[in-house]
Amino acid sequence: VKVTSGTAAGLRADPAAAPLGCLVSRQKHTLPDLPYDYAALEPHINAEIMQLHHSKHHATYVNNLNVVEEKYKEALAKGDVTAQVSLQPALKFNGGGHINHSIFWTNLSPNGGGEPKGELMEAIKRDFGSFANFKEKLTAVSVGVQGSGWGWLGYNKEQGRLQIAACANQDPLQGTTGLIPLLGIDVWEHAYYLQYKNVRPDYLKAIWNVINWENVSSRYATSKK
C-alpha cells in the first residue's frame, strides 16, 4: 500500500510564479509520497508516529519552505540584501527539514534490516573496521545529539571514504559539512516519543531493523560517480 500525501511527488511548476526581471519562475516543493504504508514499519516504528511525522511535520517544512522561497524571490527582485540575509535561517531550517526527511523515508523499508552487501559493506569494513563497529559508532553519535538533530553516514568525495557525522536541528548534511548523505537517522523527539518516550537508545536499537540497505548502497554508488 502506498501512502499518498494528496499532492504529486517531486517538484511541480508553480503556475502562479511569473518571472520577475532576470529571475526564472520557481518550482514549488511538494510532500513526497511514502513508498510504504504508515503501519509498514511496525513494530519498530508505529503507524501513529509515521503518519504524524510524514503528514504533519514533513508537510510543515515543505509549506514553510515554499513561503520562505517566495519571500526570498521578492527580496532578490528588490535587491534587498538585508531581507535576503534575514530569511536564510528559515531557508536553512525548512529546506534542511525537507531534504533530510526526503532521504529518511527512502532509507527505511519494511523489508530492511540485516547488513549491507557488496561495495558498501566493503567500504564500511575498510573505514570502520567492521559493520558492528560502524553500527556502534553511528548509534553513539545519534544518541549523543543534544536536543534535536540527526545522525548521518556520509561519503567524503575528496577523501574517498565514509564518515559519520551529527547535525543539529535540521541542518542538511551536505550543505553544512560537504559530506554526501547516505543514511540519516532522525533523533528529533517527534520521530520516536509516542512509542519510546524519552528513551532514545531504544528507538535507535529498533531502527536498525528497518534500514533499507539497498537504498543506502544505491546512494553510495551514485556518490562515487
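Glycine residues also receive a Cβ, built from the backbone N, Cα and C atoms like all the rest.
Residues annotated as Mn(2+) binding site in TrEMBL: His53, His101, Asp186, His190. Taking Cβ-Cβ distances under 8 Å and a sequence gap of 6 or more within the same chain, the neighbours of His101 (Mn(2+) binding site) are His53, His54, His57, His58, Tyr61, Asp186.
For 28-109, the entry in TrEMBL reads domain 'Manganese/iron superoxide dismutase N-terminal'.
Here TrEMBL flags 116-219 as domain 'Manganese/iron superoxide dismutase C-terminal'.
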- Message: On a simple 10 Å Cβ count over all chains shown, which one of the binding-site residues His53, His190 is most densely packed?
- Response: His53
- By DSSP, what is the split of the domain 'Manganese/iron superoxide dismutase C-terminal' (116-219) into helix, strand and coil residues? 54 helix, 24 strand, 26 coil
